[in-house]
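Novice: Below is the structure I would like to discuss, written out as structure tokens.
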């Protein structure tokens, strides 16, 4: 007897949204034996999934999707169908409204509207999208007027680059609008999750996800403030953090050019939106949002002029992923262009970046400065010949490493002056 047969629930699952979370989730469920309908309103995305031509840096994702489709258990299309369970994995971006940043529930509301014609008594709706506290309860109140349904929130907790591994191994928190909803959702996830599954109410589950990312955002803000102080007083923040973290109860994260991605840079605002007491959270978010401008000012200070050519290495929000959402690089590039700089970006990982991407040679040709904004392994592993090639093309042998990843000695041997964000000893 399979887990699906044993649980006796949700033989048919409709997953709305086939992005970074929805596609792996739909594929994982299909492999477990569920009849899965994967839905995305983007026809191009649906076509690429069907043809297995979509781009991804996730290890083994293409193999998983291929297996799910070939099994006959995963069908991909642009419209929902009747199902026992509906899992919603759509974006919930942050928008500015009356001077305040708030969660934009447009995609979530459209997803809910799209499944309403197919809802039947006894159906379960699971929301994986990150949402402000109280959203799941609000959705339940609206939908339960006409039918007896169950609603739960099960926020994703995965790290891009390791999604499949963490989808299976990470613990999960599931919050239901009632105990039955939480239990029903648990029966779905325990078919593939090997980590522990903790049950609670919906509002607590919503807050747990926001707290996880807010904790990291506040910690990074502290590191970024330390970096600014280090430059001011003449110490190397990276050395200081490493030594401070020798204390068994201290774990300061790393500073950088800002915080990006669709979680850490967004989620804290959902708490601020709901509470006037979130003063520290707001301050941390504002500090991290200020870092791209800090980097731009540092560039101008280093090259000692207010115009020139800047080569940007790395436009994704973190290293070795293709995701450019909320990337600090976008803000850095935008500000530089606004101030009259010529900017060329190089990133072989990135997709869907708002500005054109160039080859390495194109980016560095005639550059006044190279700026590292993402910790891709490629940049860490530049060898002597790579650096010689770059040195032969730049106008000035100057590099600003905002992630502290370069082999400084190699670059200096080729005549480069290497600056590191937060290193006040070598400013």
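Cβ coordinates are placed from backbone N, Cα and C, and glycine is handled just like the others.
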Novice: In Swiss-Prot, the residues 157, 158, 209, 213, 216, 247, 249, 260, 317, 318 are said to bind UDP-N-acetyl-alpha-D-mannosaminouronate. Which of 66, 403, 413 is said to bind at that same site?
Specialist: 403
Novice: Which single residue out of 92, 106, 283 does Swiss-Prot record at the NAD(+) site shared with 20, 21, 40, 45, 130, 325?
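Specialist: As annotated by Swiss-Prot, 20, 21, 40, 45, 130, 325 share the NAD(+) site with 92, chosen from 92, 106, 283.
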Novice: Between residue 209 (UDP-N-acetyl-alpha-D-mannosaminouronate binding site) and residue 130 (NAD(+) binding site), what is the CA-CA distance rounded to a whole number of Å?
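Specialist: On Cα coordinates alone, these residues lie 7 Å apart.
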Novice: Rounded to a whole angstrom, what is the C-alpha distance between residue 325 (NAD(+) binding site) and residue 317 (UDP-N-acetyl-alpha-D-mannosaminouronate binding site)?
Specialist: 7
Novice: Where the record says 20, 21, 40, 45, 92, 130, 325 bind NAD(+), what is the longest distance in Å from one Cα to another among those residues?
Specialist: 22
Novice: Would you mind ranking the binding-site residues 92, 130 by how many other Cβ atoms sit within 10 Å of each Cβ and giving me the lowest?
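Specialist: Selected from the binding-site residues 92, 130 on minimum Cβ neighbours within 10 Å: 92.
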Novice: Return the member of 20, 40, 263 nearest to residue 157 (UDP-N-acetyl-alpha-D-mannosaminouronate binding site) in space, with distance defined Cα to Cα and candidates limited to these recorded positions.
Specialist: 263
Novice: Can you name the binding-site residues among 20, 21, 40, 45, 130, 403 whose CA is within 10 A of the CA of residue 263 (active site, nucleophile)?
Specialist: 130
